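Below is one structure, written out as structure tokens; comments come after it.
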Amino acid sequence: MNLMLALLTNFTLATLLVIIAFWLPQLNVYSEKTSPYECGFDPMGSARLPFSMKFFLVAITFLLFDLEIALLLPLPWASQTANLNTMLTMALFLIILLAVSLAYEWTQKGLEWTE
């Protein structure tokens, strides 16, 4: 019975929020809201914009390092070990791994911006 009540409550709340989300934007319509101009891009211009491959590589490198730091660095503290030496060794290993990979990217000129 409690499961049915929880499911019904969640379904009702989700449906209500979806209805409100579709209904609210239609209350105040003005010309800027209905125009296709968005974020400084001309919708009638060329769809082929120049793309910097160097920027793409730096952005991918940043994302990889960011994910490594966000996901791997808390791992030693989340392992629930009582041994402080093991926890510090794991943390030091991950930090050294990040430093070595950053040094490798730097020596391979993956972070250089000059063309």
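Cβ coordinates are placed from backbone N, Cα and C, and glycine is handled just like the others.
Pulled from Swiss-Prot, these are the features on record:
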MOD_RES   Met1  N-formylmethionine
TRANSMEM  3-23  transmembrane segment
TRANSMEM  55-75  transmembrane segment
TRANSMEM  84-104  transmembrane segment
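Packing around Met1 (N-formylmethionine) is summarised by its Cβ count: 5 other Cβ atoms lie within 10 angstroms of its Cβ, all protein chains included. Away from its own ends, the transmembrane segment (84-104) comes close to residues 65, 68-69, 72-73, 75-77 of its chain (Cβ-Cβ under 8 Å, at least six residues beyond either end).
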